[in-house]
Amino acid sequence: VTSPCVPPQETLVGKYGEGAKLIYELKDQGGELLALRYDLTVPFARYLAMNKITKMKRYHVAKVYRRDNPATTRGRYREFYQCDFDIAGQFDPMIPDAECLKIVHEILSDLQLGDFVIKVNDRRILNGVFDVCGVPESQFIPACCTIDKLDKIPWEEVRSEMVGEKGLSPEAADRIGEYVQLHGGLDLIEQLLQDPQLSQNKVAKEGLGDMKLLFEYLTLFGITGKISFDLSLARGLDYYTGVIFEAVLLQQDHEHLEEPLSVGSVAGGGRYDGLVGMFDAKGRKVPCVGVSIGIERIFSILEQRLEASGEKLRTTETQVLVATPQKHLLAARMKLISELWDAGIKAEMLYKKDPKLLKQLQYCEDTGIPLAAIVGEQELADGVVKLRDVATRKEVRM
């Protein structure tokens, strides 16, 4: 799937809630209003609509751009890579959604990033909560954007923003507070299905029914240990219509690190059933669910961890360095490296006519190249190559 880095501005506007202020807007020389893409989801939805595709499963790794305040120590940049996985198509409820969560669980487990939790909620449950707490529908999305800050600031501050900036009544805010501070699993879903107010709300009831089904599937996948049904999760993007989720790394105790390894959210996603219809001339909808993995975020943790442990990171796939111990042997190195390249072996040599052997071996150690193929005058005379294991310093002639 290709999606342009520079879509027309109207493609992106109105899809991101308060995130819209982070869109990089551009004006080209012809006066056309353009923007840098903010994520990979909106371009994907546009691609489906333009090509009239109603069923697709894909992943996409590419750069996105946000005019944010960067915090590079925490893996937050203005230009960064995301890896998205999406399932588009009309399927039975919660089966694709469960697979997306399984994928996030698998990635975070395999990367061994430490303890994590995947928070799950549903926009319909949140909308139901707002409704029964007396919030007018026009205020649902602004209220969502404020609730989304609960992982960064305490409830008191969220409450005062709701009342002071978003114009909610103090009573409504307090009632919302009783719900959004709840988190749990199937037991909480059951409890809310019995809630006298929420159970009367059609939208919330639908969301809770699907959430119960989702937890049944996640139990079959064996991953509920890391999943938390969390009513404070809101994800401030406008396009979500159902299940939403976010993976958060849990703080570990690292006294020897000056900077704590807290990078917050490393993956997020949800269901966006209305987005494709926005780009279709006839408004034809394609239900979609997807997840986005923050690659730089994860890299920053892995780098900090390596630094703390003092381990060397292998930064190259090179298998062998072609080296010479004496002067005037550049031709021998070039001939040998050419043979290795032709044989599909990943090889390197230093771009110097007469490098010192020690310097060549040091280069192997610094970059993690495991082998050095050494050709000196003696080796050339004998028609052999000396292969040296850089780590153990063992040598064989071949």
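Each residue, glycine too, has its Cβ placed from N, Cα and C.
Sequence annotations record features per position, and here TrEMBL assigns L-histidine binding site to Asp39, Leu40, Thr41, Arg66, Gln82, Asp86, Arg235, Tyr239, Tyr240. Residues annotated as domain 'Aminoacyl-transfer RNA synthetases class-II family profile' in TrEMBL: 59-325.
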Arg235 (L-histidine binding site): tally of other CB atoms within 10 A of its CB: 23
For Gln82 (L-histidine binding site): intrachain residues, at least 6 apart, with Cβ closer than 8 Å: Asp39, Leu40, Val61, Ala62, Lys63, Val64, Ser292, Ile293, Gly294, Ile295
Sequence-distant neighbours of Thr41 (L-histidine binding site) in its chain (C-beta under 8 A, six or more apart): Asp84, Asp86, Tyr239, Tyr272, Leu275, Gly290, Ser292
All-chain count of other Cβ atoms within 10 Å of Asp39 (L-histidine binding site): 21
Confidence summary for the domain 'Aminoacyl-transfer RNA synthetases class-II family profile' (59-325), mean pLDDT rounded: 89
Neighbour tally for Tyr240 (L-histidine binding site), based on other Cβ positions within 10 Å of its Cβ: 27
Among the L-histidine-binding set Asp39, Leu40, Thr41, Arg66, Gln82, Asp86, Arg235, Tyr239, Tyr240, as the record gives it, the longest Cα-Cα distance in Å: 21
